Amino acid sequence: MSQANAATKASSDVFFNASLEDIDPEIFGAIRNELGRQRHEIGLIASENIVSRAVLEAQGSILTNKYAEGYPGKRYYGGGQYVDVVEELAIERAKKLFGAEFANVQPNSGSQMNQAVFLALLQPGDTFMGLDLNSGGHLTHGSPVNMSGKWFNVVSYGVRKDDHLLDMDEVARLARENKPKLILAGGTAYSRIWDWKRFREIADEVGAYLMVDMAHIAGLVAGGQHPSPVPHAHVCTTTTHKSLRGPRGGMILTNDADIAKKINSAVFPGLQGGPLMHVIAGKAVAFAEALKPEFKLYAKNVVDNARALAEELKSHGLDIVSGGTDNHLMLVDLRPKNATGKRAEAALGRANITCNKNGIPFDPEKPFVTSGVRLGTPAGTTRGFGVAEFKEIGSLIAEVLDGLKVANSDEGNAAVEQAVKEKVIALTGRFPMYGYQG
């Protein structure tokens with residue numbers, strides 16, 4: 001073997017066999033530190049969850065090497081016979097999980113799945129209705145800073161000021177007045193049950209499509225803890241992470257064959273090129289997990305834990321928007337503690353409790369300050385936390401917020417936060433992740 005060939009072989013051996021720690025210790029270190037953070041912190045961000053080892057293995061597989069533009073059986077590249085199997089499994093499992101006739105599992109994100117529906121069903125300048133961001137909607141539901149608000153004429157509906165529940169009379173009135181081509185139901189910070197049947201009645205009355213973005217509650221729908229929108233909506237979108245407990249990505253469901261064709265064309269070639277086959281493999285694994293009987297128990301526990309957390313926070317003098325929760329999340333009004341969302345998020349973070357500042361309906365504060373925080377129970381429930389643990393977590397949150405109120409400064413109360421941090425580390429240590437103790 002020549003010296004050149006020997007050098008090439010040695011280089012190949014390193015390329016295929018050296019570990020991440022050997023090749024890139026900086027990235028390895030960041031990942032190791034992030035694992036430590038996740039292990040020792042209580043994650044209450046409602047849009048986050050923890051995937052199984054099986055999902056991690058699928059998403060970290062050699063499927064990342066394969067380009068697969070197109071759909072199973074109709075690829076623009078050769079060598080797709082095995083990724084076809086993966087995508088077909090993901091599609092069939094998604095259809096079974098949600099009782100849908102058609103599923104597209106290729107969207108790379110929640111934003112892209114919603115963009116694909118708009119591309120399929122709307123023209124620039126068309127009118128659609130969506131939940132106002134300040135009432136719990138999402139950027140892609142018509143926010144003026146988002147493509148959805150720039151390309152279309154958006155009519156937003158909201159919640160009532162007295163009880164913070166969806167104002168269905170307002171939805172009906174706005175629909176009759178504006179004759180939208182599409183009505184979008186679903187949100188990111190609404191803690192009550194959605195009346196899909198009523199939304200469909202309104203949509204039918206004005207000749208609109210009904211689109212449901214169930215990204216936050218898809219796992220609860222799959223687990224039987226929230227009514228399914230699939231029988232009512234013309235098209236449903238959902239992310240595959242959040243309460244569904246899969247990899248980060250999106251999915252589109254419909255029972256209408258004509259809409260399915262439009263959706264497929266909108267996703268590819270309209271919006272995306274080659275799908276992320278390693279992510280689709282992770283989706284397929286997560287769907288298989290969600291089809292198991294134990295996932296129904298998980299979904300029930302998510303809701304039970306959320307209700308327990310909300311009641312515990314109320315017992316400590318905090319207000320919960322709409323008075324409580326029927327799903328996995330809640331908005332906490334911090335004004336009784338004279339705190340802002342920005343200050344509370346930082347103080348809780350110092351105590352190893354992760355959440356996000358969030359506007360509340362009719363919030364007087366600026367969007368990057370806010371009067372509230374959003375809390376969710378999917379990740380903690382995945383770790384094994386039950387009602388007792390979430391009651392303890394509610395008490396710890398109140399302890400930090402009371403300390404923040406006494407300190408009356410952005411720096412918070414260091415002594416209180418350190419004491420709570422130690423309790424958090426002790427609690428999380430009883431529920432290890434990925435086989436690691438401590």
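Backbone N, Cα and C atoms are what each Cβ position is placed from, and that goes for glycine too.
Per Swiss-Prot, the features are:
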BINDING   Leu133, Gly137, His138, Leu139  (6S)-5,6,7,8-tetrahydrofolate binding site
MOD_RES   Lys242  N6-(pyridoxal phosphate)lysine
SITE      His241  site 'Plays an important role in substrate specificity'
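Over all protein chains present, the Cβ of Leu139 ((6S)-5,6,7,8-tetrahydrofolate binding site) has 17 other Cβ atoms lying within 10 Å. Listed in chain order, the extra residues whose Cβ falls within 8 Å of the Cβ center of the (6S)-5,6,7,8-tetrahydrofolate site residues Leu133, Gly137, His138, Leu139 are Gly130, Leu131, Asp132, Thr140, His141, Gly142, Ser143, Asn146, Gly187, Thr188. In the shown protein chains, 24 other C-beta atoms lie within 10 A of the C-beta of Gly137 ((6S)-5,6,7,8-tetrahydrofolate binding site). Within the same chain, residues at least 6 positions away in sequence whose Cβ sits under 8 Å from that of His241 (site 'Plays an important role in substrate specificity') are Ser47, Glu48, Asn49, Val51, Pro247, Arg248, Gly249. Rounded to a whole number, the distance between the Cα atoms of the residue listed as 'N6-(pyridoxal phosphate)lysine' and Gly137 ((6S)-5,6,7,8-tetrahydrofolate binding site) is 16 Å. Sequence-distant neighbours of His138 ((6S)-5,6,7,8-tetrahydrofolate binding site) (same chain, 6+ residues apart, CB-CB distance under 8 A): Gly110, Asn114, Leu131, Gly186, Gly187, Thr188, Asp213, Ala215.
Mapped onto three states, the DSSP output places Gly137 ((6S)-5,6,7,8-tetrahydrofolate binding site) in coil. Here the CA atom of the residue listed as 'N6-(pyridoxal phosphate)lysine' lies 17 Å from the CA atom of Leu139 ((6S)-5,6,7,8-tetrahydrofolate binding site).
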